[in-house]
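Here's the feature list from Swiss-Prot:
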| type | residues | note |
| --- | --- | --- |
| BINDING | Gly13, Met14, Ser15, Gly16, Ala17, Gly18, Lys19, Thr20 | ATP binding site |
| BINDING | Asp63, Met64, Arg65, Ser66 | GTP binding site |
Amino acid sequence: MTKKQLHLVIVTGMSGAGKTVAIQSFEDLGCFTIDNMPPALLPKFLQLVEIKEDNPKLALVVDMRSRSFFSEIQAVLDELENQDGLDFKILFLDAADKELVARYKETRRSHPLAADGRILDGIKLERELLAPLKNMSQNVVDTTELTPRELRKTLAEQFSDQEQAQSFRIEVMSFGFKYGIPIDADLVFDVRFLPNPYYLPELRNQTGVDEPVYDYVMNHPESEDFYQHLLALIEPILPSYQKEGKSVLTIAMGCTGGQHRSVAFAKRLVQDLSKNWSVNEGHRDKDRRKETVNRS
């Protein structure tokens, strides 16, 4: 049996340079992440990792918050070099001293190495101690001029493989306004102005995924006209959402009860967007009325 390859990114660098944003970015890229991993525990942790998927990916922040960081990190890295089945890279985040001082002042935090309270002294000492590690790093990112969003984009470009680069996902869902707008929706569209199958006895207990209801909703001229305008609005903006580093875009279609019109529209939208994007389909309230009837 072929041993599975373990991919590891060790995130380190200057305090205040953006390691928290970085580890969140790796999580969005599908990595298992841990913040503030003590260096001495790293080799043992990697041995204990239960590999359940092919090509598992890890991203761990290892920095000077661990008191033994400077004394242990070199020996740990040497050990990792000799570990079979491990592909690891070091990501070092840096920023100009002036910018780091400004960030510390903004958060009103003290630098962990500033014994006398002077932030700049702590930064200079940390930079000196981290110089060997920076020289060993395969990826050095200067975050001085980067916003958190720009840093996420930079890391995605550097560390995404082809599959991850396409990890932008669209969630299309239907819902009923009577039960509230989904709190995680990015785009919300209201189709309550369309003819309602609820008032037809033969369609009332069916849903928009059923062909008779779907055809009833979508075959109305106003439905087709609105849908084409909707598609023309949504399709051009999807690349911009992806470019901005958004990992999931949730599009919610709403009608009164979330059983007929919104379900049909969500189904149609999924069919079209799936031609070029990764799309998931969901119907929050589709069966809610049925569940209510069964309980009564």
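FYI, residue positions are counted from 1 along the chain as it appears here.
Including glycine, each Cβ sits where the backbone N, Cα and C put it.
For each feature listed, report its degree of burial, its nearest neighbours and the pertinent distances within the displayed model.
Of all Cβ atoms in the shown protein chains, 25 besides its own fall within 10 Å of the Cβ of Ala17 (ATP binding site).
Within 10 Å of the C-beta atom of Met64 (GTP binding site) sit 18 other C-beta atoms, taking all shown protein chains into account.
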Excluding Gly13, Met14, Ser15, Gly16, Ala17, Gly18, Lys19, Thr20, which residues of the same chain place their Cβ within 8 Å of the centroid of the Cβ atoms of the recorded ATP site?
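Those within range, site residues removed, are Ala22, Asp63, Leu93, Ala95, Thr143.
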I want to verify one value. Collapsing DSSP to three states, which class is Ala17 (ATP binding site)?
coil
